[in-house]
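Quick one: this structure, given as structure tokens, is what I'll be asking you about.
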Amino acid sequence: MVVAGHFPHLTTAFGVMGNIVSFMVFLSPLPTFYRVYKKKSTEGFQSIPYVVGLFSAMLWIYYALLKGNLMLVITINSVGIVIQSFYLCVYVFYAPGKARMESLKLITLFIVVGFGLIALLTQFLTKGHTRVTIVGWICLIFSLCVFVAPLGVLRQVIKTKSVEYMPILLSLALTLSAVMWFFYGLFRGDLNIAIPNTLGFTFGIIQIILYFIYKNKKPVIDDKITEFREKMSEMDGQKGPNVVGVARSPIAANHTIDVAA
């Protein structure tokens, strides 16, 4: 790339800022795990984001070690491995039996089998620049898949007109992190780092835009429930109390299921 190696100070600056922002993102689930610790229960939370986070950090460290001279990538992902491992230990300790087994299966699938196969195959079947290229492509494709994950959240926001499950501070932090790592990859001439973060930045901007569009709107499901309750109130006024008392329960239950679906 044209800018590769031309701005060493900017490269370092973006890498350091990327480390700082990414560290804050890594710490964002702490309140959740503090609640898990206080209640001695995972309360239905899933462990897959933390398994994926651990797998991703291990992949990037492997890539950075093969590529060389990517110390800022190694530092933040080493911190990520420690933090994600801590989250998983807490989760497995407090999760009920079924959830614990599912988590252990995921850890085995991603960390032991997945990463183990990638490391073994690339070490024994490839060498030199070819090995770096293959591992870089694996990191790039996996990172793109991770960045595509918020599409489900965006769809839910548009469908319900509610931003309840899209925390704006985390969206801002993830967007800022993507910007930092994009420019770090750009100035280093490393497309494997730069390309996935263009997608992360794009989806982050979309999330922020949707947040400000829908933050003051009333959720669609609330409108439907309100409309239903108004209709039921009208029925109360038109029918005698004994008739309503017998007929309301099954009608209300069925309608509530329809709305929730």
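Glycine residues also receive a Cβ, built from the backbone N, Cα and C atoms like all the rest.
What TrEMBL says about a protein is an automatic prediction, not a curated fact.
Annotation source TrEMBL lists transmembrane segment at 6-27, 48-65, 71-94, 106-126, 132-154, 166-187, 193-214.
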Using a Cβ distance cut-off of under 8 Å, indicate which of 6-27, 48-65, 71-94, 132-154, 166-187 has the most pairs with the transmembrane segment (193-214).
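Ranking 6-27, 48-65, 71-94, 132-154, 166-187 by Cβ pairs under 8 Å to the transmembrane segment (193-214) puts 166-187 first.
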Near the transmembrane segment (106-126), which same-chain residues lie under 8 Å Cβ to Cβ, leaving out any that are not at least 6 residues past its ends?
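Cβ under 8 Å, 6 or more out: 47-48, 51-52, 54-55, 58-59, 62, 88, 134-135, 138.
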Can you tell me which recorded stretch out of 6-27, 48-65, 71-94, 166-187 has the most Cβ pairs within less than 8 Å of the transmembrane segment (132-154)?
48-65
